[in-house]
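Straight from TrEMBL, the features:
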TRANSMEM  B:6-35  transmembrane segment
DOMAIN    B:7-420  domain 'TRAP C4-dicarboxylate transport system permease DctM subunit'
TRANSMEM  B:47-69  transmembrane segment
TRANSMEM  B:89-122  transmembrane segment
TRANSMEM  B:134-150  transmembrane segment
TRANSMEM  B:170-191  transmembrane segment
TRANSMEM  B:219-238  transmembrane segment
TRANSMEM  B:274-298  transmembrane segment
TRANSMEM  B:318-346  transmembrane segment
TRANSMEM  B:358-384  transmembrane segment
TRANSMEM  B:396-416  transmembrane segment
Amino acid sequence: MYSTLIITLVVVYEVGTRYFLHRADSRAIFVSVWLYGMLFALGGAYTLREGGHVSVDIIYRKVPETLRKILDIVDIGIVFISGVILVLVGAPIAWRSFMIREVDSSLGIVFAPPIWWYKWVAVISVVLITLQTIPMMLEKIKQWR
Amino acid sequence: MPFVMFLFLFGLILLNVPVAFALFFTSMVFGLIFWGWNGLYVTFQGVWSLMNNWALVALPLFVFMSALLEKSGVADELFTTFYKLLGRIRGSLAVIAIILGYTIGAMSGVIAAAIASLALIIYPLMVRHGYDKKLAIGSILAAGTLPQVVPPSFNMIVYGSVAGVSVGKLFAGGLGVGTVMALVFSIYVLVWSHLNKDKVPVFAEEEITLKEKIISLKYLIGPLAIILGVLGSIFTGIATPTEASGVGAFLSLIYVTVRRKLNRKVMEDSLLVTLKVTSMACWIMAGGSAFSSVFSGIGGKRLVVDLLMSLPAAKVTVLIFSLALIFFLGMFVDPVSIIMIMTPILTPAVTNLGYDPLWWGVAFTSMLLVSYLTPPVGLGLYYFKGAIDEVSMDEIYQAVLPFIVLQVIAIVIIILKPEIVLWFIKTLSRGG
Amino acid sequence: IGGQTQPSETQTAPTETYEFKMATFYLAGDPGFEIAQHFADTVEKMSNGRIKIEVYQAGELGFPVTEIVDSTANGVVDMAIFYSSYLASQDPIMALSGGKPGPLSNPYEVFFQVKGVEDLIKATFEKFGVVYIGPMIYGEPEILVTTTPINKLDDLNGKILRSSGMAAVFYNTLGAQAMMMASGELYQALQLGTIDGLEWTDYTADYKMGFHEVAKYVLEPTPGVNLHSEATIHAYLIINPAVWEKLPEDLKEIIRAANMETYLWGSHYVNSLNREYRTKWVEAGATITRLPPEDNAKVIETAMGLYVEYAKKSPEAREYVTRLVEIWRELGHEDWANALDAALKQG
Ligand code: NA
Ligand code: NA
């Protein structure tokens, strides 16, 4: 959550050093992109819990209560399946990245930051989303009874 | 088969599946069937490529800036001031929303940022002052799409490099479209407000004294300084547009602190809203990336080519088909992918018939803008809903309809009077 | 419709057809994309339709260009062309076989050099899980586009330049500031002075990005004394191992031959385009300069520092760099060969 604040400061630092000191610090752009990526990816599970992932409820709101309960379970099930598949596909990708200790090559040997960990951030994000669906699913099933 | 993908997605979305996961799930089903296990790889890559999208760093920064201004009450002061100054003009707040959307356009091209920001800052206020909900939603959504055509526009840069036309001239043309659209929206808002006096309040003449008006001007200084700071840092070359959003967030933070309106609650509320809106929008975009990759990978492109070939090569048919296709794809697929996939196919077909390639580029990008707002699948609508949870999707759909018509009218104006766009291009761009 | 027709198990059927997906790192407006498309068409013609190749643009299939090798290794696409600098920091051979400072300035010299180190490049691609076929796309020497005149190396001092890879290293060594920026922001950054200049690619691509509208100075390399980026191999053809194994020998040969033909066809194509677009730059009012001869020594010296650094990174890299001495000597670039020889003996 606080990463937005840090991104703000990093970007201001980047602009400031370039303009006032005439020094381009390329580390800043990496850091701000990583922080942004972590913010949205890791925030996915929290947003799911808070009901923040937008859905279109025009039909949902008009159907009978029982059908709505079925839809609830179907919907959360689709999130769960998507999450599981993303984990299954993503984990090997992140694993290979770790095995070769993947680095970013954009700046050659000037600055080659490791990025294998960032791929794990993607995997962990989908793991968290998948895990978050479980209590939600249990909740819906409980309501069903 | 690729078009069945659209139906499938459509179905899932109507079943109330969160849009982001409807996109992922559809990509997975069709990727698995028509591409094999390997096709699933691109769905994960959708997340990864979004995590590496530099331009989107501006999204949390913009949303944070807006949330901070709203939650601290600064936005309230600002628009109340505007309202006092222009209160006698019915519909003034909606026009201000449109002008602000136009201004954000000069700072950024990230539609999610523009719509979420406008929704956060202006919507609560409009509703509190008794504005008709639908007018408020519609004008904010319409205004929020303007950044896609008002330069800088990332879509136009992609179009320019794929089609090989001048980016500077496209920008000038985009400014033309943006201006026409902003004018059309404003006129509509003013006329509608006039016809529906009960739904759009004004301050009575005697309510506000001149003195009060002058005093209220002080609330304008800070926010205008922030806007000037952002625009200024871009136009003096101090910062790129993405960086300028950081400057904006920083300046807002300073202003809110100086005004002693910053406390723990304001800060935490703003950061939480930022987290939620950013995450919601980016997961949808990641799903969209997965969707368009699978669409392309299982032969969607070839299908479009075949369709185009089967048409009679009349001037109007090809143009209408192309615009309709862009519109249709725009409902589901992100604009950058559409530009990449469709430009090499459609642009030669259209320009071979004698249309100006620059004009077509502008028309192409403008058409994409319409698809942001069309129900049921319109990314812009989702971004609004993500920022303002209490409105229902039904209300958003109804609110946006007149503005879609206006967008189409603006585009028809551009098609029938290409000289408007060409005038902007000629006047504003030099050389090349 | 769509999807991939899997070859049936009966290996003997002569009418068996293959549909391949090929990833590239170009957008459709780029000459590189046209060259890749030329390759696809040539293969289809030569194989009498037995191989059909669908060419995809950068990012069209959802993965970033840096993931092209991984995607080919995993069979997400069947084949790809790849700019090895995208893995420059992952493996020194990838860096060396991409763009770098050096004396080369034409397609034949580049081809000659690749042949001299091909075993090393091939082994490196194998390490990353793909089959190396050969160089497909020749890249012209790159230009530096600036908003203020650069007449000598000293003028670079303190300039903020968008650049990447080896070029970034090179400019930093010369006292400039290399920075990264999203490609979508470059045009406006030049226009408004956020950056002083940029190194993107050649005259053609830079013109298509519209940079001639917002920057009027071009520093072009002196033949034989390139700046950061000599003429190079822009793209190598790589194939998924399982796909390659399954192909009958005659089709393998068609792919190899089409690749060679494409290299020659494409070299001529980009070379002609680059001349044509150089003229367009001049017509747009650009001033084109080259470094004065007295700066040559400084360029070579800076380049040698880089080569010595890279030679330290792995035994293979040392082998690669060492071979360059003889390669350059045979091509007649005595000054570079001698400088590298001396630098290697020292370092
Ligand atoms: Na914009
Ligand atoms: Na839509």
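Glycine too: its Cβ is placed from the backbone N, Cα and C atoms.
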For the domain 'TRAP C4-dicarboxylate transport system permease DctM subunit' (B:7-420), the averaged pLDDT of the predicted model is 86
Return the stretch with the most CB pairs under 8 A relative to the transmembrane segment (B:274-298), choosing among B:6-35, B:47-69, B:170-191.
B:6-35
Under an 8 Å Cβ to Cβ limit, what residues of the same chain, 6 or more beyond the ends of the transmembrane segment (B:170-191), are close to it?
89-91, 94-95, 98-99, 101-102, 105, 135, 139, 142-143, 146, 149-153, 156, 159-160, 358-359, 361-362, 365-366, 402-403, 406-407, 409-411, 413-414, 420-425, 427-429
In contact by Cβ distance (the transmembrane segment (B:47-69), the transmembrane segment (B:358-384); 3 or more pairs under 8 Å):
no
Sort out the residues at least 6 away from either end of the transmembrane segment (B:134-150), same chain, that have Cβ-Cβ distances under 8 Å to it, and list them.
91, 94, 97-102, 104-111, 113-115, 117-119, 122-123, 126-127, 156, 174-175, 177-178, 181-182, 185, 189, 192-193, 199-200, 335, 362, 365-366, 368-369, 372-373, 380-381, 383-384, 391, 395-396, 398-403, 406-407
